[in-house]
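Here's what TrEMBL has on this protein:
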DOMAIN    43-294  domain 'G-protein coupled receptors family 1 profile'
TRANSMEM  27-50  transmembrane segment
TRANSMEM  62-80  transmembrane segment
TRANSMEM  100-122  transmembrane segment
TRANSMEM  142-166  transmembrane segment
TRANSMEM  202-227  transmembrane segment
TRANSMEM  239-262  transmembrane segment
TRANSMEM  274-296  transmembrane segment
Amino acid sequence: MLASGNSSSHPVFFILLGIPGLENYQFWIAFPLCAMYLVAIVGNVIILHIIRTDHTLHEPMYLFLAMLAITDLVLSSSTQPKMLAILWFHAHEIEYHACLIQVFFIHAFSSVESGLLMAMALDRYVAICFPLHHSTILTPAVVGKLGAAVMMRGLLWVSPFCIMVSRMPFCPNHVIPQSYCEHMAVLKLVCADTRVNRAYGLFGAFSVVGFDIIVISVSYVMILRTVLGLPSDEARYKAFGTCASHICVILAFYIPALFTFLTHRFGHHVPRVVHIMFANFYLLVPPMLNPIIYGVRTKQIRDRVIQGCCGKDP
């Protein structure tokens, strides 16, 4: 069923299949996905609560961590409720505009998350390479401007291809063979030349993620040089320890994200089930792992969680 617009026609709704190839197991697969989503929600809310209520944590690293927690909440909540409804209640239909909104949130906040990881790498670089000037270089105002810049970049990068897709005609087939609306999956249903859209998507993704990865890599090369020049093993261990959590979070985000992105465009021989499961984990595993990693490896947060659970002073 199509709805007519000024310059294009579009379906009233799309059909999200869920996990094609595992239809008989989708009901049970939803349980671990739901548990992971709950861990992501609870963990990130706890991180936000600790940072908000403890004024000693109003430092650049924790302010960026709070921004990351908000981003993770948005990123996971943009897909998981609908995904669980598909797997448990066979609610496969998603309204056309709701699908485009989901595309926007997924890609915009993926860009924001990548930008925040870059900003956190810069924070570690300044903290380790210029420790005496850290508080004067990364003031709360600078942290706020970095966060705003990362947010604006995500919004401005994603908006054009959402607008372009919304103005294109769609084929009679409006079935999306996965659990959520993603730019390339929606673009495959368009009955028009999509080369401009594809080129812009590739350019945007590689320019944003490529820039962030370069900045992160350069930051850690400089950090490594500084750490290896420290006089004692204890000082080197302490410096590496402050970066360990961030490195784990970076790997948890970029590995499944790059696999999903490249598979969608070039991985024609990758089994669909593998691709779809990675696509699901890409939007769920980082939001779940981030608060766990920082909660376990960051003493200030770990102590406050223990204090809150046990009612004891850290």
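Just so you know, the numbers here start at 1 and follow the chain as drawn.
In case you wondered, yes, glycine gets a Cβ from its N, Cα and C as well.
Using a Cβ-Cβ cut-off under 8 Å and counting only residues 6 or more beyond its ends in the same chain, the transmembrane segment (274-296) has close neighbours at 19-20, 33, 36-37, 39-40, 43-44, 46-47, 65, 68-69, 72-73, 75-76, 78-80, 83, 106, 110, 113, 177-180, 182, 245, 248-249, 252-253, 256-257, 259-260, 263-264, 267, 302, 305. Highlighted: of the candidate stretches 27-50, 100-122, 202-227, 239-262, 100-122 has the greatest count of Cβ pairs under 8 Å to the transmembrane segment (62-80).
A Cβ distance under 8 Å defines the sequence-distant neighbours of the transmembrane segment (27-50), meaning residues of its chain 6+ beyond its ends; these are 19, 57, 65-66, 69-70, 72-73, 76-77, 80, 83-84, 87-88, 280, 284-285, 287-288, 290-292, 294-295, 301, 304-305, 308. Among the listed stretches 100-122, 142-166, 239-262, the one sharing the most Cβ pairs under 8 Å with the transmembrane segment (202-227) is 100-122. A Cβ distance under 8 Å defines the sequence-distant neighbours of the transmembrane segment (142-166), meaning residues of its chain 6+ beyond its ends; these are 8, 10, 60, 63-64, 67, 100, 103-104, 107-112, 115-116, 118-119, 122, 183, 186-187, 190, 196-197, 200-201, 204, 208. Sequence-remote contacts of a segment are chain residues at least 6 beyond its ends whose Cβ falls under 8 Å from one of its Cβ atoms, and for the transmembrane segment (100-122) they are 61, 64-65, 67-68, 71-72, 74-75, 78-79, 82, 94, 143, 146-147, 149-151, 153-155, 157-159, 161-162, 165-166, 180-183, 186, 208-209, 211-212, 215-216, 219-220, 246, 249-250, 253-254, 257, 283, 286. Mean pLDDT of the predicted structure over the domain 'G-protein coupled receptors family 1 profile' (43-294): 90.
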